[in-house]
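K.L.:
Just lifted these from TrEMBL, have a look:
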- 25-105: domain 'Manganese/iron superoxide dismutase N-terminal' (DOMAIN)
- His50, His98, Asp186, His190: Mn(2+) binding site (BINDING)
- 117-216: domain 'Manganese/iron superoxide dismutase C-terminal' (DOMAIN)
Amino acid sequence: MALRSLVSRKTLGLGLKLQFRGLQTFSLPDLPYDYGALEPAISGEIMQLHHQKHHQTYITNYNKSLEQLHHAMEKGDSSVVVKLQSAIKFNGGGHVNHSIFWKNLTPVQEGGGEPPHGRLGWAIDEDFGSLDSLIKKMSTEGAAVQGSGWVWLGLDKESKKLVVETTENQDPLVTKGPLVPLLGVDVWEHAYYLQYKNVRPDYLKNIWKVMNWKYAGEVYDKESS
């Protein structure tokens, strides 16, 4: 059995905790704003439940699956290793996706909704014609996702072009190819139902008012250079 360290370190990214003998677990990252800071676009109640309950559940189950995987690997139990892959993908993807999602949002008074500038703004105009066209495309494709999933703005590392993709359930964007997520919009009902009921298009219309294009631009600058 792996010996766990009593001392852990949380990173700025995915809330990584380092432990002995290579076993890693993850913790819930702090939000860079208050739960009610995105109102009226997203209510404080939704943000608190989404962060404390839903994201935390993915992390809890991800850590559990990783520990089971660790023990199965030590025992050489390949059947259990294979069995755990779906749980790791689902819960690990939920953690990765939500960690990006929180950074993709910011209060209006801190720049939420302000259009992108610099190289990302130019790339959007080149690849989609305009920011309005991109927003319309992402909103349309997000509304069309059947069941639960995500709609993404990504950078194709091979073509150096921007792309819009959707993923099912908690699949991260990397499952679609060599794509770097710049923006991800959660279209699971837990992200909007308490406020928007079953009218997903209204949620997708308003979320752009708190979109953190500055963060997306910083990721684009880093990954496209």
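Including glycine, each Cβ sits where the backbone N, Cα and C put it.
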K.L.:
Which of the listed binding-site residues (His98, His190) has the least company, meaning the fewest other Cβ atoms within 10 Å of its Cβ?
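P.N.:
Comparing Cβ neighbour counts within 10 Å for the binding-site residues His98, His190 gives His190.
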K.L.:
DSSP-wise, what's the residue breakdown of the domain 'Manganese/iron superoxide dismutase C-terminal' (117-216) into helix, strand and coil?
P.N.:
50 helix, 24 strand, 26 coil
K.L.:
List, in sequence order, the same-chain residues at least six positions removed whose CB sits under 8 Å from that of His50 (Mn(2+) binding site)?
P.N.:
His98, Asp186, His190, Ala191
K.L.:
Within 8 Å of the Cβ centre of His50, His98, Asp186, His190, which other residues of the chain have their Cβ, at the recorded Mn(2+) site?
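P.N.:
For the Mn(2+) site the neighbour list reads His51, His54, His55, Phe101, Trp188, Ala191.
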K.L.:
Per DSSP, what is the residue tally for the domain 'Manganese/iron superoxide dismutase N-terminal' (25-105) in helix, strand and coil?
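P.N.:
Counting residues per DSSP class in the domain 'Manganese/iron superoxide dismutase N-terminal' (25-105), I get 61 helix, 3 strand, 17 coil.
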